[in-house]
Structure formats: structure tokens, C-alpha cells
Amino acid sequence: MLISLPKVRGIYRYDVLMSKATWLNVGGRADVLFKPCDIEDLTYLIKNTELPVSVIGATSNIIVRDSGIRGITVKLGKEFAYIKSKGNNSIVAGGAVLLSNLAHFAGNQQISGLEFLVGIPGTVGGGIEMNAGAYGSDIASVVQSIKAVNLEDGNLYEFSSEEMGYFYRGHSLKGNWIFVEAEFKGVNSEYELILQRLKEVIERKNKSQPIRGKTAGCIFKNPKNYRAWELIDKSGCLRLNIGGARISKKHCNFLLNYDNATASDLENLGNKVKDAVKDKFNVELEWEIRVLGSY
């Protein structure tokens, strides 16, 4: 690849096929995949490149388009997968920590309030970005402070939960960010009670979601005063399919790659569902899955 990249301490990989790296098993090639070895390495890269910088986490809620991703794609690795207890029912976690691991760590520390995270695929960084939530709880309710690197100026910032301006499945920060660390706070509880709640969340998820299929979580956010899956179902979308992509019969707010679908199949099917709901209810569904790459 004939491009000039800053000299870093982390790892560059070139021409990476994203269909091998995403939960949906779709997507073209990323020009450059970069795993920084620490925050300083990450900030140095951003400050010393003119290439566009994108961010991926566990890739559990993204569609990478068939054309791939231009520029540099950052993925936090094991160096950002640390979890430690701070005392006073507080936990510090790096941006690459899986949310399920955070939930189990909290349980082992007898810290309650984070059990809902056990059923959410993805990382701390991704969960902070989208204010991930389930069963009436969300990241905003348990996060205390956040460290983030701005993708435009490359500087490190720290925000309180209030400064994030959280709302349903989003936040109010301007610009593009990569969330590298967060502090969470729960309440003390008995281990057996926490363990029971963890089991209940997992069982509920297993009963209602297509966990064994190639999916990327919920397609759409719930519109105000509606549930997305109900609108999709009542719009007659349950049997829709395009190419190798179809709507899950177990939970119709999930896309499935069931037969070698392309990214275009999945994105077009999602847009077809959007159009059907708009025509039936005059409600505009908003993607919860992130779509990366250009046409």
C-alpha cells in the first residue's frame, strides 16, 4: 500500500477483509487496521495523519459496506481490555472490555446494577458511544466518567456522565470520538442475587433473540411511543428477504445473514423495512446498526 503512515508503537495491518472480522460476515477491505498500544500511541497517530480515521469495536452492531473502509480503521486491542475495582462499588474498564465481562466482573465484586450488560454484545467503548441498554437500563445509568480521544484534534478529554448529555441510544458530544476508558458505579449486593439476575438476563435474551444466527443486534432504534419490532411486524415485513439477507422470524428487529449475504443485501433489506413502516404508519425508523464505508 503506497501511503505514508506515522511511525507508531502499535500494529498496522493492511488490506484487511472485514467480512472475516464482523459478526455479520460481510464487508470489503479496510485500507489500514491500526491497534494502538496505549492512549499516547493513539493520539500520536491521529495528530500525524491526514487520512480519515474510523473506529470499530467488537463489530457486533455494524455493517461494513462491500466497498470497504478507506483510510485508517482503529480497533482497540488487549492493551485496552483491563478491568479493575476502585472500591466504593466503582469499576474502571478500558474501552476494549466486553460488556458481558464487565457485568461478570461486577458480580464477582458484589456490585449490582450492571447485570443488564451481560446480554449486550460489544465493548465498553461501543456501549458508551451508543448508550447501549436493555430491559429498562442503559450505560448512562451506571457510568460516572469517561476518557475519550477526539478523532479530529487527537487530544484526550475526560467527561462526566452529565457532560455526555446522554439520551436514548446516543449522546450529545459534538464531533467523532473513540472512548478509551470509563468508570462505572453500582451498589453493593449479595453475590447470589447478582448471579440470579445475570442468569435471568441471559435466559431472557436466549428466548427472544436469534443468538445463533449471523446478526448485528437490533436493526432500528425504538421510535418515541413505539416499539420498532411491533411496527415492523404490523407492516408485513416478517417474511422479507433480499439476496442472502432476511428478517429474523424470532425477532423481526434483527437482520440475518443466512445465505452468504452481501453488505448491500443487508442494507437494502433494512431500507426496505424502513420504507414499509413509513408507508404504513408514517413513522421514520432510525438505524441502530452503524453502517461504515462508502458506496
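Residue numbers in this text run from 1 along the chain shown.
Note that Cβ sites are derived from N, Cα and C of the backbone, with glycine treated the same way.
The active site annotation in Swiss-Prot covers Arg169 (among others). Annotation note: Arg169 (active site) sits in a coil segment as assigned by DSSP.
Taken from Swiss-Prot, the feature active site, proton donor applies to Cys218. Its Cβ placed at the centre, Cys218 (active site, proton donor) has 20 other Cβ atoms within 10 Å.
The active site feature in Swiss-Prot is assigned to Glu288 (among others). Under DSSP, Glu288 (active site) is assigned to coil, being neither helix nor strand in the three-state scheme. Glu288 (active site) has a Cβ environment of 19 other Cβ atoms inside 10 Å.
According to Swiss-Prot, the domain 'FAD-binding PCMH-type' annotation covers 26-189, on the basis of sequence analysis.
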CB contacts for Arg169 (active site) [other CB atoms within 10 A, all chains]: 18
Cys218 (active site, proton donor) and Arg169 (active site), distance between Cα atoms, whole Å: 12
Rounded inter-Cα distance in Å - Glu288 (active site), Cys218 (active site, proton donor): 6
Predicted model, mean pLDDT over the domain 'FAD-binding PCMH-type' (26-189): 98
